[in-house]
Amino acid sequence: MARERRDSKAATFFCLAWALCLALPGFPQHVSGREDRVDWTQEKYSHRPTILNATCILQVTSQTNVNRMWQNDLHPILIERYPGSPGSYAVRQHIKHRLQGLQAGWLVEEDTFQSHTPYGYRTFSNIISTLNPLAKRHLVIACHYDSKYFPPQLDGKVFVGATDSAVPCAMMLELARSLDRQLSFLKQSSLPPKADLSLKLIFFDGEEAFVRWSPSDSLYGSRSLAQKMASTPHPPGARNTYQIQGIDLFVLLDLIGARNPVFPVYFLNTARWFGRLEAIEQNLYDLGLLNNYSSERQYFRSNLRRHPVEDDHIPFLRRGVPILHLIPSPFPRVWHTMEDNEENLDKPTIDNLSKILQVFVLEYLNLG
């Protein structure tokens, strides 16, 4: 009971402190004129973030802890976890358990389906975690949790896909944990526009090909879910709008965790959101909040353009969803090798990128 009282007092203090942050200079209120918009599916195109000031950036970044993330979230995921394997089940249970234990009260669902593969029919399970299912619009942060299948090796090694994509999974879980109070505050807000915009985390199964990448042997989870969301009415009872139209922005994380990543712009129609990541990176650097970081090795480079690469965003892109693809170019040197393991991860880089992503999410959700 004493613990519950302390938690209650801490939550009350947090809400007061966060409300004070909202009142400080540098936190513009939500964009005026939204009340005049009739078609909510178009609001994503005029949506503007609320820029966090230095005070709140310091508060937000103090809440995240890369060592705790490493122990509590990354280690349990750094196992062989190809679709249908015991490791896949264990990781799926871990992700659900971590999200279900948070104050914010996420709705955590498994989207299970069967699909034909080069090895016959296999069962796949996506994990969809929604902060507020009643909200019309959702910022989506996504990654895949499966690891690529490799036949048994003579030396007994297994592929654990540290950058591909254990680290993105752990970053998303840490985001949900470290921002738990802000997200609880958002969910409890009953006034527009906050009530109409929320957060969704998606962990895809079956991103990797079993044999060779092809339209039929890859992206099993995202192909299935995009099709399902394109045919599921949203909000419930709607006749002409569907879940996929409720995606404001689809942010996909992949191949993250190696040192000195470079993220280029893949889609010009979301370049303004990429620009926010670049600006947040600079702000955190100016505040001395990035570890082992050199401004000469900037992560996000809006002056660098690359052709899109195939990944879990493709089925959503084809249905008109705005995409922000956070995958480095070039890929990590350990990509699809047994060396994509914990030894070759760079903890300061992961910590820095986690901070940038968390600030970005708060700004997008107008929680600044």
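Every residue, even glycine, has its Cβ placed from backbone N, Cα and C.
Among the candidates Glu109, Glu110, Glu208, Glu296, the one that Swiss-Prot lists alongside Asp164, His336 as binding Zn(2+) is Glu208. Within 10 Å of Asn292 (N-linked glycosylation site), counting C-alpha to C-alpha distances, fall none of the recorded positions Asn53, Cys143, Asp164, Cys169, Glu208.
When the recorded positions Asp164, Cys169, Glu208, His336, Asn352 are ranked by how far their Cα is from the Cα of Asn53 (N-linked glycosylation site), Asn352 comes first. Within its own chain, Glu208 (Zn(2+) binding site) has Tyr82, His144, Asp146, Ser147, Lys148, Tyr149, Ser218 as residues 6 or more apart in sequence whose C-beta sits under 8 angstroms from its own. The recorded positions recorded for this entry are Cys143, Glu207, Asp254, Asn352, and the Cα of Asp254 lies nearest to that of Asp164 (Zn(2+) binding site).
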